[in-house]
Every structure is written in structure tokens, then in C-alpha cells.
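Q: Checked TrEMBL, it gives:
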type	residues	note
TRANSMEM	74-93	transmembrane segment
TRANSMEM	113-136	transmembrane segment
TRANSMEM	166-185	transmembrane segment
TRANSMEM	205-222	transmembrane segment
TRANSMEM	234-252	transmembrane segment
TRANSMEM	268-291	transmembrane segment
TRANSMEM	303-324	transmembrane segment
TRANSMEM	330-349	transmembrane segment
Amino acid sequence: LYLQDRRVWLTTSCIEISASTASQPSDFFNSRLIHGGQLLNGLAGPTVMNAAPFLSTTWFSADERATATAIASMLSYLGGACAFLVGPLVVPAPNGTSPLLASETSRTHIKDLIETVLYAEFGVVCLLFSATLAYFPPRPPLPPSVAAASQRLSYRRSFCRLLSNMRFLMIALAYAIPLGVFAGWSGVLDLILTPVHVSQVDAGWIGFWSIVGGCVVGIAMARFADFIRGMLKLILLLLFSGATLSSTWFTLTCLNSITHLPLTTVTLYASCILLGVFLNSSIPIFFELFVETVYPVPEGITCGVVTFLSNMFMGVLLFFLTFYHTELSWFNWCLPGSCLLSLLLILCFRESYDRLYLDVVVSV
């Protein structure tokens, strides 16, 4: 717990430094330190994203853990939802979807707006960093459950346990492949929707509502999992069945010249938002299933491995995008393919609840 507390302080420090470097206006900082700031932000990100299961185990009882994991993990995605709106609404898009004069004045105006957004982000990060330094207790006075008070494996034994556990590797791939593909796809959603004449602002609203809907549904599903235990696999099967259908619907809609499906704003909004809802809401359910499967491996190590895998698949996809960026229909087909593969992996997965067994049976 002490080490986790220090990692959180280090994480917020990295984020603050990265935000300060990104907000510098000179060409030197733009070409040099912004890359360093993004690297620091990337190093800090997994700690923040993976802290949810650790915090829920440390601070909440067995019948509240899934809900606490959902709320803590979804907060970071709400920040991403705000990013979908802040960018398009504050900074105009210099592409065919937004009327913009290609003058030096317009470029200067856009640069000033970008700097305003970056300085605002830097201010928010400084505020959060100060709050973390002021008050961040490592644990409650009394452990809320048997699992919270139990010993965890060492780092070396944890990695050996994870790499030798085929069930964990199966469910980790079921998480990493579709979520990594979806993260890369969401990052270039405005480029994907530009050929079908959807503006950057509309693409931002689609991304916003898909994340917000996923957060709401994810918390609701986690609360249901707290009430009726042992249903994590069934919940994931339902979510990924919906994700596979909605992603296929979106992909076929974009190929309306071949499929003759109606290409309207309503269909694009509905398919994209449903896809985001199904995939984003599965994140806290996956986190809980990971921890249950490999307990007593520490929660941070478990979720850190799967987050690394997800980022790796996203990076590979974006790497191919640098070479095949003129026509993006292949990118759309990666979504239903990854969701279907994940659905099959979840279907073959044999679930277990070792941590829940310790809390419910051993405590009694």
C-alpha cells in the first residue's frame, strides 16, 4: 500500500510535468519537449487507469467492490468524453468539414486557442496534484474485508503466475484486442466520419455520448454484479454480443454504396454510441474478473499487464494507419472482427472467483 501511495504521487508529478511541457508555445518546446511530455503522460497513465481495483479492494467491502471499481475506472473515461467536446468546440477544424479561411490570421487564431486549452489542462492538473499532496491516505483504519487484509504475491512471483496462467492470458486478450482497437478507432473518429460528410463537431458529440453512456451502463452493470455475484462472464457475453452487432451495423452502414443501408445521422449516431456503450461499460467488469481469476496477484500488476497489452494493440493499429490512411474502410472492419474474437474467447473462458470465495466463505 505504501508503494502504491508513492506511485500515485509520482504519477501526478509526471502528469503535471507533461502538461507544463505541452503548454509551452515556442517551436523548440513544440518539437522537443511536447514529445517528452507525452512520454511522461503515457508512463503515468497506466497507474491511474489501474488504480480502480486496488482502491476498491482496499477501501470497500465485497458487496461494494464492483461498483467502486466501475466508478473509479469510469472517471478517467469521462475526462476523455470531455476531450471529445473541448477540442471541436474551442478549436475549429482546418478540414473540409468546417469552413475556415487558410490565412495567416486564422492559423494564428487556431494556435492561440490551442495554447488556451493546454494552459487550462495544466491548471486542472496542478489543482489535482496539490489535492493529492494535501491528503491521500494509503488505507482505512480497519480493513473492510478479508481480501483487503490478506497478503499478496511478490512482483516476481506475480508475473510468473500471470504468464503461466492460460485462463488469464485468454481473458486478457479478450480485453486488450477490442479495447485497443476501439481506442485507436475513437482517436481518429473524425477522419473516419469525414468521407460520409460528418463534421468534426458531430464526431465529437458521438464520442462524448458513447463514453458517457458507457460510464452509466458500466456502473449499472457493476452494481448488478454486486447484488448477484458470480455473473461477470454472463455480463461480458451480453455486452460483447451487443458490441459485435453494433460495430457490424456501423461498418455496413459506411459501405452503403454496396449494402444500400440507410446512411443518416441517426444511424451513425446510434451505431457509434451503442458500440461505445457496450465496450466502455465492459471495462470495470473485466477488471473485476481479472482480479478474481489470478488472486492473490496484486490488483495493480494484473491490470497493468492487460493495460499494456491494450496499448500495444492500439499502437500496432495506429502504426498501420500511418501507411494506409487514404482509405479507412479496413479500420472499420477491425472493430467487428476484434469484438467477435473477444466474444469467442469469453465464451471459452472458465471463470473462477477466488477472492470472493475468501471473503464470503473464509470470513464466515
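Cβ coordinates are placed from backbone N, Cα and C, and glycine is handled just like the others.
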Q: For the transmembrane segment (303-324), name the stretch out of 113-136, 166-185, 205-222, 234-252, 268-291 with the most CB-CB pairs under 8 Å.
A: 166-185
Q: Pairs of Cβ atoms less than 8 Å apart decide it: which stretch in 166-185, 205-222, 330-349 has the most with the transmembrane segment (268-291)?
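A: Between the candidates 166-185, 205-222, 330-349, the best contact partner of the transmembrane segment (268-291) is 205-222.
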